[in-house]
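Noted in Swiss-Prot for the protein shown:
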BINDING   23, 31  ATP binding site
MOD_RES   31  N6-succinyllysine
MOD_RES   31  N6-acetyllysine
TRANSMEM  50-58  transmembrane segment
TRANSMEM  65-75  transmembrane segment
MOD_RES   78  phosphotyrosine
TRANSMEM  80-87  transmembrane segment
SITE      85  site 'Involved in ceramide and phosphatidylcholine binding'
TRANSMEM  91-100  transmembrane segment
TRANSMEM  106-115  transmembrane segment
MOD_RES   118  phosphothreonine
MOD_RES   120  N6-acetyllysine
TRANSMEM  134-141  transmembrane segment
TRANSMEM  161-169  transmembrane segment
TRANSMEM  189-196  transmembrane segment
TRANSMEM  200-209  transmembrane segment
TRANSMEM  213-222  transmembrane segment
TRANSMEM  229-238  transmembrane segment
TRANSMEM  242-249  transmembrane segment
MOD_RES   251  phosphoserine
BINDING   253, 254, 255, 271, 272, 273, 274, 275  NAD(+) binding site
MOD_RES   277  N6-acetyllysine
């Protein structure tokens, strides 16, 4: 489940959103790795408070280069956030969010995208409401065939969490997504289980073994198949500026990552993916990422 602060002294606190259930375990598997990519991320902030984020990556297998540019401005007095996005597919995006103004805990977001090359447009209205013991979300994705409604709810009490997520496609007049999740968390241990559409079953465990070592286990199984997916991952903080990550799954894919803070605002990540079943056959992947922030 998600890391969202230490447990409350009171029996009630704000649970994470449905998308963030199990996030602590997923982060151990995903962060610190970038197989098959050479990536550069740059973040900076102007004197007027405008935040700029640029990202570029090159796929070492295909040679394809992709990039994104994002600008964000927060008008704190009115709880407004304006975001502009662009990517190398020439898709433009605009997002306007207002939070804690209509009522405490309510956030409304208006999100639009436009592709000049194809003329394709999309729009989405997103809302979330979080208070003690509850976190609700409802998004409406507009489409010419008919809007799709995405809803989610998470309830929490004394460390226990229960969540539900659905998608209703008005064009087909039926539910296209129907997910359930149950979990439990304490300060250094988190357990999460989920059922997606009644066919996919999954679970994850996050454990902070000590101050410098985090571990994670995940398991997934799809009904109607004999395929079970299993993985173990760990992250160890070597010192305040360096960490090493490792993971392995039941397909004998072994991933290793090393992250080093070269100086404040400059972070380098090196990673490698090795196929344990065919070590001498090649096909292994390397990754390099550099993050700059000022």
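Even glycines carry a Cβ here, placed using N, Cα and C.
Other than 253, 254, 255, 271, 272, 273, 274, 275, the residues of this chain whose Cβ falls within 8 Å of the Cβ centroid of the NAD(+) site are, in sequence order, 35, 256, 284, 285. Comparing Cα positions, residue 85 (site 'Involved in ceramide and phosphatidylcholine binding') lies closest to 78 out of the recorded positions 78, 273, 274. The stretch from 65-75, 134-141, 189-196, 229-238, 242-249 that makes the most Cβ contacts under 8 Å with the transmembrane segment (213-222) is 229-238. Comparing residue 23 (ATP binding site) with residue 253 (NAD(+) binding site), their Cα atoms are 22 Å apart once rounded. Among 50-58, 91-100, 134-141, 200-209, 50-58 has the largest number of CB pairs under 8 A with the transmembrane segment (65-75). Annotation: 273 carries the greatest number of neighbouring Cβ atoms among the binding-site residues 272, 273 [cut-off 10 Å, Cβ to Cβ]. The Cβ of residue 120 (N6-acetyllysine) has 114 as same-chain neighbours under 8 Å, each 6 or more residues away in sequence. Measuring Cα to Cα from residue 253 (NAD(+) binding site), the recorded positions that fall within 10 Å are 277, out of 31, 78, 118, 277.
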